[in-house]
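Participant: Here you go, one structure.
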Amino acid sequence: MNSPRPTPPPFAAAAAGLPILVRASNLVTEADVTSLVWNKAPCRFCGTGCSVMVATRDGQVVATHGDIKAEVNRGINCVKGYFLSKIMYGSDRLTRPLLRMKDGKFDKQGEFQPISWEQAFDIMAEKFKAALKAKGPESVGMFGSGQWTVWEGYAANKLFKAGLRSNNIDPNARHCMASAVMGFMRSFGMDEPMGCYDDIEATDSFVLWGSNMAEMHPVLWSRVTDRRLSAPQVKVAVLSTFEHRSFELADLPMVFKPQTDLIILNYIANHIIESGAVNRDFVERHVRFAHGAEDIGYGLRPDDPLEKKAKNADKANTWSDIDFKAFAEFVKPYTLERTARESGVPAERLKALAELYADPKRKVVSFWTMGFNQHTRGVWANNLIYNIHLLTGKISEPGNSPFSLTGQPSACGTAREVGTFSHRLPADLVVTNPKHRETAEKIWKVPAGTIQEKVGFHAVQQSRMLKDGVLNVYWTQVSNNMQAGPNVMQEVLPGWRNPDNFVIVSDVYPTVSAQAADLILPSAMWVEKEGAFGNAERRTQFWHQLVKAPGEAKSDLWQLVEFSKRFTTDEVWPAELLAKAPELKGKTLYDVLFRNGQVDRFPASDLAKGYANDEVDAFGFYIQKGLFEEYAAFGRGHGHDLAPFDAYHEARGLRWPVVDGKETRWRYREGYDPYVSKGSGVQFYGYPDKKAIVFALPYEPPAEAPDQDYPFWLATGRVLEHWHTGSMTARVPELYKAVPDALVYMHPEDARQLKLRRGSEVKVVSRRGEIRARVETRGRNKPPQGLVFVPFFDANKLINKVTLDATDPISKQTDYKKCAVRIELLNLA
């Protein structure tokens, strides 16, 4: 079933010379080892936040290994981490700006030709200024990333929300963590987990909800496995819509019908109440109850019949207060019998799961990832798991924790904490709150009224607005939405190729997105720049620049800041705004945002000796330090405290809030969290009354389900060897050879009934599109009958041509786990 590495799609004369095979090699001999220089850095891949030691020689990364001093991974890596040294050296690395041209000038139908950075910024400025003049700030936008460094995301946020006055900036974390964000915000009034990875060694029970930790968070899974095999009382429950590698450790394996996790969660709450397992003292002191809006729609276009039918599509994130008695009545219909019947999970397993949570002598950690979050009711699923932990009081203490795991290295640190979502500002502030806008404007030293009140376009909406011609200039960095976005052919590609639009992609390789763009900017990656990530346990980690980027590639930070020099306030701010700050009139956005007396206050001499820093060389001051310290001002004294900049280069990361030099492992609990008042025990201080909310939320069906024409469920996701769209891992020969192609995992009986067999080539067809791939009936993923699983890493099998662009109406996060498809035979094999 292995196939040769496919030829990259045609990429223009300027990119000529791209070989068919992309190789990366860094063989190290014993004699070479003595000349290696080692430094620490967080891994470039997932949100676990492993630390690695990076070896450089002659200006190149030549080796990596797990950092034995790191608390997260304790010296080990997953298979992707072991090949980190090769991700930067694929032979099709982008090294020059490339513009679509014909007859020496830009042409949207032209071929890519190399240009200078000066020319690139010239046409970008021309397009941005024309759109802003013609249609205002709503016509420009940016799609960023949970892979941005902290200061890259912060600089982008400032440039768009303050400089260009457009809230149309959103990260690809919208696709992966937005439901977790809104779940935290609704239940606790603050974002991010209250626990930490130390819970793993302290708990008696692990419950995985829609999380294949064995492949997606393998280093954490090794810690879970060690705990399970070392302590006989420890139990592991795994819930998913299909069987995967995490089931190998499960004491309670449960495959449920798609969307019925909502029923199971409400059943557990009902069981806790009816069995007398409610922690009455905890609930009375620390919890209040609310009934959330129901029938809230599916985040589709407003003219979609499902949206027209929904009663509360415009009131999705609203609720009314109720009491405990009303909540108990609400969950009462979610009986064991009903739950077993509708979920397909045997009753005895459901009851055993409920008992894990109900037993007052047993500690429980709940882990979840995309199975919960990529869900049309993902926010509800998050709220419902918090309900269970709050009813039992199993929260905010060692071994008792509801824990949302992140998929990107800085989805927490950059997307969430920095606030690069279209509705957010740093440290949980939001653009719709006038006091929050005032705080940001004061810290940023811009006039009152600079930041717009209206929420910008979220990720899926950006694609729709590009298609509709509302959004006309679009810049993406560290993302590959043409492969990762939903419903690509109907809702993503049309907007990118709309002749009225201009699309810029900053990336390191010619991804599917890059090849659909008008202008490609070559970016520096990982240790080619100084950076900071924030992982899933609130741990902020720094690294130094260790090598130079190839050719003319530049960091995303340099691109953003240098581009800001192309605008003056007169060109982008209205006269009434400038009248409030006449001293800013005529200044560039670079002067206003980045030479503002705060960002530029740290001299180049503050840089640690012996390290390069291309941005310090370019701008003449320690811009990373200045951006970080300005950003940190948002959270200090408000429960989001970060340590001083220099502390992070010394440590293997620190978990916020960091107060008086001490990190916080468990939030909201007295004795661990410095923000909790003495004698209170627990304070959920995100809300003024310092109480968390338990939500009454029902089961509601998915946006699309199998029928006679499309009889299978489709779920998408990842595999161990590849990360997201494979733009890095597919260029590592060892990882590519291990898993060269995306496969259609299906039940053997389904294959037999369709007259297929393992290796058969099929079409996966939905109402939106189709792909070709081969069938796999054995191996790591074992779907139940009626469901197929296809990973999305393969650029030659774009499964997101098939997926539905339904989202959670509260979080606006896409549901990649549930749509209807049919399977058609092409070649039997």
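Backbone N, Cα and C atoms are what each Cβ position is placed from, and that goes for glycine too.
So Swiss-Prot has the following annotated:
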- Cys43, Cys46, Cys50, Cys78: [4Fe-4S] cluster binding site (BINDING)
- Lys80, Gln147, Asn172, Cys176, 209-216, 240-244, 259-261, Met370, Gln374, Asn480, 506-507, Lys529, Asp556, 716-725, Asn800, Lys817: Mo-bis(molybdopterin guanine dinucleotide) binding site (BINDING)
- Phe792: substrate binding site (BINDING)
- 36-92: domain '4Fe-4S Mo/W bis-MGD-type' (DOMAIN)
- 1-30: signal peptide (SIGNAL)
Participant: Specify all same-chain residues, apart from the site residues Cys43, Cys46, Cys50, Cys78, whose Cβ lies within 8 angstroms of the center of the Cβ atoms of the [4Fe-4S] cluster site, ordered by sequence.
Facilitator: Phe45, Thr48, Gly49, Asn73, Asn77, Lys80, Gly81, Pro218, Val219
Participant: Most Cβ neighbours within 10 Å: which of the binding-site residues Cys43, Val719 is it?
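Facilitator: Of the binding-site residues Cys43, Val719, the highest Cβ count within 10 Å belongs to Cys43.
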Participant: Would you mind listing, in sequence order, the residues at least six apart from Gly210 (Mo-bis(molybdopterin guanine dinucleotide) binding site) in the same chain with a Cβ closer than 8 Å to its Cβ?
Facilitator: Leu239, Ser240, Thr241, Asp261, Trp368, Thr369, Met370, Gly371, Phe372, Asn373, His375, Lys817
Participant: Using the alpha carbons only, what distance in Å do you get between Glu215 (Mo-bis(molybdopterin guanine dinucleotide) binding site) and Cys43 ([4Fe-4S] cluster binding site) once rounded?
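Facilitator: With the alpha carbons as reference points, the distance is 16 Å.
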Participant: Could you state the whole-number distance in Å separating the C-alpha atoms of Lys80 (Mo-bis(molybdopterin guanine dinucleotide) binding site) and Cys43 ([4Fe-4S] cluster binding site)?
Facilitator: 9
Participant: I'd like to confirm something. Which of the binding-site residues, Cys43, Cys50, Phe792, has a Cα closest to the Cα of His724 (Mo-bis(molybdopterin guanine dinucleotide) binding site)?
Facilitator: Phe792
Participant: Hey, does DSSP put the residue listed as 'substrate binding site' in a helix, a strand, or just coil?
Facilitator: coil
Participant: DSSP on Lys80 (Mo-bis(molybdopterin guanine dinucleotide) binding site), three-state: which is it?
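Facilitator: Where Lys80 (Mo-bis(molybdopterin guanine dinucleotide) binding site) sits, the three-state DSSP reduction gives helix.
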Participant: So how many of the residues in the domain '4Fe-4S Mo/W bis-MGD-type' (36-92) end up helix, strand or coil by DSSP?
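Facilitator: Per DSSP, the residues of the domain '4Fe-4S Mo/W bis-MGD-type' (36-92) fall into 7 helix, 20 strand, 30 coil.
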Participant: Check the domain '4Fe-4S Mo/W bis-MGD-type' (36-92) for me and report the mean pLDDT.
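Facilitator: The average pLDDT of the model in the domain '4Fe-4S Mo/W bis-MGD-type' (36-92) works out to 97.
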Participant: Compare the Cα of Cys50 ([4Fe-4S] cluster binding site) against each of the binding-site residues Glu243, Lys529, Phe792 and report the nearest.
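Facilitator: Checked the binding-site residues Glu243, Lys529, Phe792; minimum Cα distance to Cys50 ([4Fe-4S] cluster binding site) goes to Lys529.
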Participant: Sorted by position, what residues of the same chain at least six away from Phe792 (substrate binding site) have a C-beta under 8 A from it?
Facilitator: Gln483, Ala484, Thr716, Gly717, Arg718, His724, Thr725, Ala742, Leu798, Ile799, Asn800, Tyr816
Participant: Using Cys46 ([4Fe-4S] cluster binding site) as the reference point, find which of the binding-site residues Glu243, Lys529, Val719 has the shortest Cα-to-Cα distance to it.
Facilitator: Val719
Participant: What is the interatomic distance between the Cα atoms of Cys78 ([4Fe-4S] cluster binding site) and Glu243 (Mo-bis(molybdopterin guanine dinucleotide) binding site), given in whole Å?
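Facilitator: Cα of Cys78 ([4Fe-4S] cluster binding site) to Cα of Glu243 (Mo-bis(molybdopterin guanine dinucleotide) binding site) measures 21 Å after rounding.
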Participant: By the DSSP assignment reduced to helix, strand and coil, which category contains Glu215 (Mo-bis(molybdopterin guanine dinucleotide) binding site)?
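Facilitator: Glu215 (Mo-bis(molybdopterin guanine dinucleotide) binding site) sits in a helix per DSSP.
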Participant: Fill in the CA-CA distance, Val719 (Mo-bis(molybdopterin guanine dinucleotide) binding site) to Cys43 ([4Fe-4S] cluster binding site), as an integer in Å.
Facilitator: 18
Participant: In whole Å, how far does the CA atom of Lys529 (Mo-bis(molybdopterin guanine dinucleotide) binding site) lie from that of Cys43 ([4Fe-4S] cluster binding site)?
Facilitator: 14
Participant: Enter the number of other CB atoms within 10 angstroms of the CB of Cys46 ([4Fe-4S] cluster binding site).
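Facilitator: If we count other Cβ atoms within 10 Å of Cys46 ([4Fe-4S] cluster binding site), we arrive at 27.
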